[in-house]
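Feature annotations, reproduced from Swiss-Prot:
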- GLN87, GLY105, GLU106, GLY107, LYS108, THR109, ASP512: ATP binding site (BINDING)
- CYS886, CYS888, CYS897, HIS898: Zn(2+) binding site (BINDING)
- 565-584: region 'Disordered' (REGION)
Amino acid sequence: MISKIITSIFGSSNDRTLKRLKKRVVHINKLEAEFEKLSDQELQAKTAEFKQRLAEGATLDSLLHEAFATVREASRRVMGMRHFDVQLIGGMVLTNRNIAEMRTGEGKTLTATLPCYLNALMGKGVHVVTVNDYLARRDAETNRPLFEFLGMTVAVNIAGLASEVKREAYNADITYSTNSELGFDYLRDNLAHTKEERFQRELYYALVDEVDSILIDEARTPLIISGPAEDTTQIYQAIDTIIPHLISQDKEDSDEYTGEGDFTLDLKNKQAHLTERGMVKVEGILTEMGLMQEGETLYHPARIALLHHVYAALRAHKLFEVDVDYIVKDGEVVIIDEHTGRTMAGRRWSDGLHQAIEAKEHVNIQGENQTVASITYQNYFRLYEKLAGMTGTADTEAFEFQQIYGLDTVVIPTNKPVIRDDRTDLMFKSEQEKFAAIIKGIEECMSRQQPVLVGTASVEKSELLSNALTKAGIKHNVLNAKFHAQEAEIVAEAGAPSAVTIATNMAGRGTDIVLGGNWKAELAKLDNPTEAEIEAIKSAWKTRYDTVMQAGGLHIIGTERHESRRIDNQLRGRSGRQGDPGSSRFYLSLDDTLMRIYLNEGKLNMMRKAFSEEGEAMESKLLTKVIASAQAKVEAHNFEGRKNLLQYDDVANEQRKAIYEQRNYLLETNDISAMIETIRDDVFNHVISRYIPPQSIEEMWDIAGLEEVLHHQFGMELPIQQWLEKEKDLHEETLRERIINLAKQEYQSKEEKVGAEVMRNFEKGVMLQNLDELWKEHLSAMDYLRKGIHLRGYAQKDPKQEYKKESFEMFTNMLELLKSNVISILSRIQVRSQQEIEEAQRQQHEQAEAESANYQATTEEALAKEKRDALPAELTNLQIGRNDPCPCGSGKKYKHCHGSKARYV
């Protein structure tokens, strides 16, 4: 109450921001007449002028007025579109670390040209981020003429591009891409073996379209690059047969309650838990199958993996539904994005869940994968120096944007007032009654030729409603994950008179629904249309447009409330764009997911009793409050989940940044010999200290153990015991120094034989490969630690603090192991003299000639062979692992390069 009074007196923060920006709009508008007088060449020359001024010390903010005036005038000439004042305000908001909330139809795509041009002047690259490939291509092609007129290069970066094309895309001034492709390219860059293989430049400025979808809805989705793990297909198939024998119970066992079921479900978190009774039953079945020994339990360390498979199968059967969470297409399980309703081809659930669902659906089970590299969107986008976003609905999540990303949200006023009629929700007792009322509502709209967009929460619900409409004889289009390819065509027709379109949870978002239908889409179907054909299409559209306007514009029907008010607002926002008329209404039932999960049985029973007859609709302010309360609970729950994930991921993120920084240093540096020397001293000191403790007496020394480890781990044959017998006063420090110096001398003699260049390449290759391998194993270990860390809470310990402590210990151990492995490999390699190499090459040449009649080498293989033969010296396979990097610097494993079969001489 007090905050409302203060706001009424002083205005809100948003009001003050807008007031300040409107003053700057006045300055930009004053420049308009001056810029209109410029010739095309003079206008285009502004870009070079701005870049020169930046080089001389000017700031982007000092150029803003002129830069925006330049873009506005160029847009008017090239695209026939002039930026509104509110779009200039939006552009200023997006220039820095802010989020602009702009209603649907207010021209976000055109607004984006302003901050993109301004930030591209820095020459560091601008990334415009969209939710799918279609929007990335569409927006790039829409704005390309404008940017190219102003001398800026534009490119699109999507999945499947050739490496060179992708590299060129990132070198463009403005790159349009999807959030997932940007994240995956970042991970790929940090798996590259040479700096030339990398794609991305410095992460400078990102402008995220539909920012709420990417930074909020998908925040908990980690981007993962995986490699194959061991095959467990038969185990998934076997365990899949167990689940039908298990019985559900309503709540978990406790001191006061013991159920008769085998498992309980946590619908909020999509988790399943076996009861004690269920555990015994599953153990019995697994023993009968021969997967466990008699008397073993699933909590035995050797059987934990089986328990993991059981839980994955239980979740697959009881918590994940076909046509809701995934579809089966061409013999594959394809995930449905819960936030957009679109399919996510190529994405797979982790932790064995995807394989469990494949077993459930009796399709081919693809192998499990081991994480090689991963990052969340939260941490990826926080890597940018400047981050901004735009969406139609951000204000409800303003607190989270500020807390997690440090981004302020500014609500941009509409160019024209919104006159959409948002009607009160209607509540029905059952889903069947609700669907009947929806059909009646659609028929009423069609009677006056009003187009209707019906929003559903899942593919399953959209198909149920579609079947009901078909039975009622109502012609309609369905836009869901199964009809993704026809999305643009369906959306183009959604605003036509009497059109009925069913859309899953905002599928089609990002494309405006034009009242009367999209005449440009009709025009695009014609090859070289004549003026007469163009006029005929426009005239027909105008007639349809007038009809729809008189009918009340686009009517939105929501078939149930979503977990977030923001998603509901997005659905409503499809109607009433740019001052057009429109209306919306949500139809609810007590069977809806939101009601079942977040309202207790007592409230539901009370509400059921309020209905006196079948088909009766309830609408009241109390109902609205109950729904708002349920949504607030969900939003709070989801925010805590995302915040919790970030707190854990921040621990891994610090380690990730350290590893990737080290990796980039290795790629950029040609000579790491100084680093290797430092590591060698550390490793040998550590090893020697294990067997000869510092400041200890000789009786405590384990000389035999030291000789053995130096031989096996470092290939050094040292008569340390003999030294001690001959030199009675040989001090510990002197002995330590002698061993380290001998190790250096051995290494230097190898380098003299093989040459400094080859040795530098080998050092770098060994370091990179070992770093990648150990980091991959570390990620798996961190995953396991994360999954079980919550159990520390039962021991009255803070799981987050325990996770930080243990993960740091694991990270430190990994780095120590890295140093040890690298020095071990470098110490054990053996080299041969030039004479031995020439003899080996002569034998090899003779062998190659003998085989030439049966083998035709490709040009590439011949060139590679020629390059290998030209090396000044050869490393043998005597003391080097076949999986170690080849010293020639090719980036290949030894067994695939100089260690290949032809090279074993």
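Note: Cβ is positioned from N, Cα and C throughout, glycine not excepted.
Features recorded in Swiss-Prot, as mapped to the structure shown.
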residue	record	Cβ contacts under 8 Å, 6 or more apart
GLN87	ATP binding site	GLU106, GLY107, LEU110, THR111, LEU114, ASN415
GLY105	ATP binding site	ASP512, ARG577, GLN578, ASP580
LYS108	ATP binding site	GLY90, MET102, ASP209, MET390, GLY392
THR109	ATP binding site	ASP139, THR142, ASN143, ASP209
Within 8 Å of the Cβ centroid of the ATP site residues GLN87, GLY105, GLU106, GLY107, LYS108, THR109, ASP512, which other residues of the same chain have their Cβ?
MET102, THR104, LEU110, THR111
Using DSSP, break the region 'Disordered' (565-584) down into helix, strand and coil residues and give each count.
11 helix, 3 strand, 6 coil
Other CB atoms, at most 10 A from the CB of ASP512 (ATP binding site):
18
Binding-site residues: GLU106, GLY107 - member with fewest neighbouring CB atoms within 10 Å:
GLY107
So the record assigns GLN87, GLY105, GLU106, GLY107, LYS108, THR109, ASP512 to ATP. If I measure every Cα pair among those residues, what is the longest distance in angstrom, as a whole number?
17
